[in-house]
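According to TrEMBL:
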- HIS232: active site, proton donor (ACT_SITE)
- HIS232, ASN233, PHE234, ARG235, HIS236, ASP273, ASP382, GLN433: AMP binding site (BINDING)
- HIS236, HIS272, ASP273, ASP382: Zn(2+) 1 binding site (BINDING)
- ASP273: Zn(2+) 2 binding site (BINDING)
- 475-487: compositional bias 'Basic and acidic residues' (COMPBIAS)
- 156-477: domain 'PDEase' (DOMAIN)
- 475-496: region 'Disordered' (REGION)
Amino acid sequence: SSLILLQVVFSRFCSPCDIKELFCTATGLSRNTTISLLDSTGAMVSIDPTMPNNSESHDYGCGLFSHLSDKEELFQNVLTQVAEQFSRAFKINELKTEVTNRLAMLEKRVELEGMKVVEIEKCRSDIKKLREEMASRNNRSVTSLSFLDDNKKLTPRRDVPSYPKYMLSQQTIDALRKPTFDVWLWESNEMLSCLEHMYHDLGLVKDFNINPITLKRWLLCIHDNYRSNPFHNFRHCFCVTQMMYSMIYLCNLQEKFTQVDILILMTAAVCHDLDHPGYNNTYQINARTELAVRYNDISPLENHHCAVAFQIFSQPDCNIFANFDPEAFKQIRQGTITLILATDMARHGEILDSFRQKVDNFDFTDEEHVTCLKMVLIKCCDISNEVRPMEVSEPWVDCLLEEYFMQSDREKAEGLPVAPFMDREKVTKPTAQIGFIKFVLIPMFETVLKLFPQIEEVMVQPLRESRDRYEELKQIDDAMNEKKKSENLTMGGKKK
């Protein structure tokens, strides 16, 4: 046998067992062949399979003691195969490292994609909410005459616990108790102060232990929930409430009614047109608006006014009835609803006929009689503008006609029926007012006159004078129209 010495460099990661396995496989020797390794100094190195891996790289001189041929090529082939085996081993490790790195990158991408999915879902959710909000706002627009924005208007102004306090002069306090009070002279904050004064002056704040700050907040919230319509606005609310206040004094109602009744009368007057959209019940029903559908065509506006009123009362900071026990609150709620629903003019004949049957033998101890009278009183106040002096009442006619014309124009555009008294092409101030004063106002106030004679001079007589004035204006208008017609005929004849 010959001794052939070759130098081979092994990695620190190769164990003796691996080296022996490679040599045996490369040379075709059995696994129990003795193989000795000499290091660079000539010292023998063990390759016992149980020997632990070397922690450092070594430059070994490799001595093979076997029954090999003397041909050097054999060992060159052996070394080539060993080198290939090592190369494959190292490539596997490199591949493992690459695969591990790629897996890490993929995991990161999956994580990022997952975050993108979450973001996409959040975007979708935000877009959905935005669409719902836009649809909701569209539904609340004049087009569909929907409910108001509960979250916005019904929330009391915590940052404004009170409006500027105006000290009312004695002259204003005295004027406030009379139907001749000029409602056009006051700003919103001044009207709020006047309303606040009424509740204090009637003893309602003291008798029912109403928190004065809550009263202020409630009135502010009421103001915010009247729309800026030409007629049905906060000034109209003030107008009706001030007339109720003046009738309480004029008719000495505090001597005949309980304080609970007075509270119901005043509160119903304040709330009676809350969130009025500026289009009457006829339009609501014909246009099949949300309110008409919600209330089955039965007094849709009046039902809505009641609902908004008690949505406001449901706010603790606006609940002037907070100190009432449940039974007392139930009585207040029912009484207020009854009066607001009575303001639907579609029920005018029914309510007035019921009152006429009772007025000649009226009994202030009869709850049914008292309720009927309260219904008539709020009706009187609601349509009482013509009771006031002409300089106060006439601007209200312009406001009402503006609102009527706005509705009739819309009805024409939508192909809905148009009431003649709302049609700008058919109605004038005198024609609008004469029939209403003659057939609605005077008969109702004259019926109340039977129970309260003191209203004749300050309320009924002004109505008669207003009727006469509009009849004179109508005669003037008719004469002018006749003159125009004759002039047109004359000019037409000359042309021929």
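Heads up, residue numbers simply count up from 1 along the chain you see.
Each Cβ is built from the backbone N, Cα and C atoms, and glycine gets one as well.
Distribution of TrEMBL features across the structure.
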residue	record	contacts (Cβ under 8 Å, 6+ apart)
HIS232	active site, proton donor	TYR226, ASP273, HIS276, GLY278, GLU403
ASN233	AMP binding site	TYR226, ARG227
PHE234	AMP binding site	SER188, MET191, ILE222, HIS223, TYR226
ARG235	AMP binding site	VAL183, TRP184, MET191
HIS236	AMP binding site	TYR226, ASP273
HIS272	Zn(2+) 1 binding site	CYS237, VAL240, HIS305, LEU339, ILE340, THR343, ILE378, ASP382
GLN433	AMP binding site	GLU386, VAL397, SER466, TYR470
Exercise for review: Please report the number of other Cβ atoms within 10 Å of the Cβ of ASP273 (AMP binding site).
Suggested key: 26
Check your understanding: Looking only at the compositional bias 'Basic and acidic residues' (475-487), what are its DSSP counts of helix, strand and coil residues?
Key -> 13 helix, 0 strand, 0 coil
Revision key, fill the gap. For ASP382 (AMP binding site), the number of neighbouring Cβ atoms whose distance to its own Cβ is within 10 Å equals 22
Exercise for review: Please indicate, using numbers and ranges, the residues of the same chain that are 6 or more beyond the compositional bias 'Basic and acidic residues' (475-487) and have a C-beta under 8 Å from a C-beta there.
Suggested key: 428, 430
Practice item. Excluding HIS236, HIS272, ASP273, ASP382, please set out which residues of the same chain place their CB within 8 Å of the center of the CB atoms of the Zn(2+) 1 site, keeping sequence order. Key: HIS232, CYS237, VAL240, ALA269, HIS276, THR343
